[in-house]
Amino acid sequence: MIRVAINGYGRIGRSVLRALYESGKRGQMQLVAINELAKPEAIVHLTNYDTTHGRFHTRASLDEGMMHLGNDAIRLLAIEDAAALPWQALDVDLVFECTGALNDRQSAEAHITAGARKVLISHPSSADVDATIVYGVNDASLKATDTVVSNASCTTNCLVPVIDVLDRHFGVKSGAITTIHSAMNDQQVIDAYHDDLRRTRAASQSIIPVDTKLARGIERILPQMKDKFEAISVRVPTINVTAIDLSVTLDTRVDIATVNAALKAAADGSASGILGYTDEPLVSCDFNHDPRSSVVDGTQTRVSAGHLVKMLLWCDNEWGFANRMLDTALAMAATQAE
């Protein structure tokens, strides 16, 4: 049983808590504290009620600075300086760093200073972290000495399992990616100021291009893909679920059936629970609360001239990613136990 804490109780932090209670992993992981600079009443309310994922099946209540979930008591903290958090006193093995702010090694190590043994960052990180992990692809590379780890991004987790399968079966020469991403909380409800002029505009009224370093994130997990991919990203007026338009040029000549068969076999076999495959006529909301990292939409696979393949991938950018946070945390703990 590992003792964990969540720092930053926003969309991903709350999804991590819910995923822990829905995934059957509570026998392996105990949540002892949440640090969030918000009123405890608001923390409890947003645990119980969620516009995207519905009401929580376990009723949360507040009593003397503790959030109670069934028989569990979780300490609520509101401490701005991560280095001052009481992780040593609480005997915290691992911190889920979900603020979106402490994304490089130096800032994330504040949790180690505070007494935690390991940190898992819910965001792409600087190159000097001990590891960047896409669970199901490179988690076997984790070592006991890895203390500050990044869980990459939701879109990297969606793409990399698919690219890995395609490369192993057919060889990938190059690729281009467009992420069609749901709106996020760094956008505006109505027009307001932002450093990114496109993000000054109302999220519910426009398709909004944003910068992305997704291609570089792929290279970090699959070094053989260096300089082979480029990516753009647009935000769309939905609150959850992301689609990814993936185009790749393959070494091997293929057809639609061959590509889909390879991906379906992986989804049914070695990548089960991480990669999914569907040939049903589904839309984005059908993938809400889907715990997998990526689902291939086989109905949208296209092949041009035998080598250029276009595909559509789906992911719940909150729920799938939160479930991988749990998987990666347990994988980190397992290296310590070896």
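We count from 1, first residue shown onward.
Backbone N, Cα and C atoms are what each Cβ position is placed from, and that goes for glycine too.
Features of the protein shown, as given by Swiss-Prot:
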BINDING   R11, I12, N317  NAD(+) binding site
BINDING   S153, C154, T155, R199, T212, K213, R235  substrate binding site
ACT_SITE  C154  active site, nucleophile
SITE      H181  site 'Activates thiol group during catalysis'
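Taking the Cα atom of each, K213 (substrate binding site) and I12 (NAD(+) binding site) are about 20 angstrom apart.
Candidates R11, H181, N317 (recorded positions) were compared with S153 (substrate binding site); those inside 10 Å Cα-Cα are N317. The separation of H181 (site 'Activates thiol group during catalysis') from T212 (substrate binding site), Cα to Cα, is 11 Å. Looking at T155 (substrate binding site) and N317 (NAD(+) binding site), their Cα atoms lie 7 Å from each other. Annotation note: H181 (site 'Activates thiol group during catalysis') sits in a strand segment as assigned by DSSP. For R199 (substrate binding site), the number of other Cβ atoms no farther than 10 Å from its own Cβ, over all displayed protein chains, is 19. For the pair N317 (NAD(+) binding site) and R235 (substrate binding site), the C-alpha distance works out to 12 angstrom. Most Cβ neighbours within 10 Å among the binding-site residues K213, R235: this distinction goes to R235.
Put simply, of the binding-site residues I12, R199, R235, the one whose Cα is nearest the Cα of H181 (site 'Activates thiol group during catalysis') is R235.
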